[in-house]
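Enquirer: Sharing a structure below in structure tokens format, with a few things to ask.
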Amino acid sequence: MGGGNLVRRARERSRRGSARPGEPWGRLFRGRVLLPKLRCFLTLPRLAACPLGCASAALVPRYLVSEKMTEELDHTGQDSDADSEEVVLTPAELIEKLEQAWMNEKFAPELLESKSEIVECVMEQLDHMEENLRRAKKGDLKVSIHRMEMERIRYVLSSYLRCRLMKIEKFFPHILEKEKTPREGELSSLSPEELIFAKQYMANTETYLKNVALKHMPPNLQVVDLLRSAVPKPDLDSYVFLRVKERQENILVEPETDEQRDYVIDLEEGSQHLIRYKTIAPLVASGAVQLI
Amino acid sequence: MFCEKAMELVRELHRAPEGQLPAFNEDGLRQVLEEMKALYEQNQSDVNEVKSGGRSDLIPTIKFRHCSLLRNRRCAVAYLYDRLLRIRALRWEYGSVLPNALRFHMSAEEVEWFNHYKKSLATYMRSLGGDEGLDITQDMKPPKSLYIEVRCLKDYGEFEVDDGTSVLLKKNSQHFLPRWKCEQLVRQGVLEHVLS
């Protein structure tokens with residue numbers, strides 16, 4: 001009888017699959033339940049009821065406040081606090097934004113907008129998690145799982161920043177040229193630190209080339225125009241895969257060869273396409289499509 | 001024929017496998033610059049002759065020499081710029097301190113360029129967030145597990161882990177260490193990741 005009950009309970013548990021919200025951590029690791037994706041843990045509402053102690057509650061910073069960047073409409077020196085919007089993001093949403101920015105940056109041929117607010121928030125999160133982990137009990141299984149998640153987040157963040165640095169170094173004359181001309185309503189594609197890095201890189205390379213070779217060349221050849229001749233431009237005509245997040249209508253596709261004419265297409269939500277980057281560049285910036 | 005030496009410089013770099021830095025061909029570069037100087041001087045005298053004597057049949061020769069000068073400059077700048085890109089890759093692979101063998105292959109100005117690059121990269125990484133910033137030259141591959149099994153290839157000495165315990169790294173000793181501590185040493189070649 002008892003044996004039958006046990007068997008029934010075990011079968012019930014395994015049929016349920018992943019843990020229900022509010023279920024204490026303790027039950028997750030006994031029986032054959034699937035471990036849900038770690039991200040969801042961060043937003044489970046009733047973790048505070050965990051019988052394993054308040055260490056787990058302290059491990060979960062629940063909400064993050066990040067300020068959206070606003071455009072400077074007037075410079076009358078007024079306190080702009082009232083104008084700036086505050087967007088409340090849960091940690092799960094923040095990580096998802098980071099992953100989206102990461103994938104977009106990886107597959108786009110040119111340098112995209114700088115998402116420094118996401119970077120800052122993620123760094124803050126990582127510091128917070130590190131602090132909490134240090135206070136938690138040693139040898140607890142949760143500690144190693146959270147640490148693993150921290151490693152993964154750190155990898156995504158590092159990869160994103162590395163990708164941006166590589167693009168900056170590859171196309172530095174064109175990027176710096178674009179920064180010089182003031183544009184209306186467009187956000188800068190370089191954060192202030194990246195701008196400093198790019199300028200130093202340019203100065204470094206120019207000084208090197210001048211001292212080693214150009215100084216010794218005939219006077220009319222001493223200036224090499226890096227912008228036009230030496231460093232190639234980003235290839236905006238390369239093809240990219242994308243998934244449509246918001247329905248778009250009337251996208252004008254320009255012809256590649258002279259025989260074709262331009263035509264207009266509609267992008268359905270959820271559909272996936274292979275298209276030239278130049279056509280959909282503004283949609284990537286606005287977040288309407290996701291590069292895959 | 002003109003520009004032979006410049007082409008040789010470019011070919012030398014083209015032959016070297018991706019990522020490897022051959023020794024700096026100072027001699028070759030000097031010969032290219034000398035050739036450019038000679039061509040320029042010949043062109044100068046010819047231009048003067050054309051202007052004063054009206055010998056317009058020299059113009060094609062002048063144009064030809066000018067093209068050779070441009071080609072020489074293009075090859076020289078390509079050679080130097082490509083070497084800079086390879087040196088930059090070394091910073092990401094080996095870290096701040098380059099092995100001596102590689103340093104001998106670099107000219108003095110290249111070493112200076114490398115130091116400047118190191119410094120501006122370090123400034124950027126420090127400014128990334130928090131107090132010490134984020135070292136983005138770590139975490140090159142997605143993490144598979146927290147701890148990895150490593151075997152020591154050379155004698156390194158004492159190595160301290162997070163919770164204070166220190167490990168003696170002797171040749172051929174095997175340890176089970178946290179991944180983020182070992183990554184730097186694995187890249188330097190002191191430790192070897194044991195899979196299996």
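Glycine is no exception: its Cβ is also placed from the backbone N, Cα and C atoms.
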Enquirer: Can you dig out which of the ranges A:56-83, A:112-139, A:252-279 TrEMBL describes as coiled coil?
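Expert: Residues A:112-139 are the ones TrEMBL records as coiled coil.
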Enquirer: Any idea which of A:1-21, A:169-189 is down as region 'Disordered' in TrEMBL?
Expert: A:1-21
Enquirer: Looking only at the domain 'GINS subunit' (A:141-212), how are its residues distributed among DSSP helix, strand and coil?
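Expert: Per-class counts: 60 helix, 0 strand, 12 coil.
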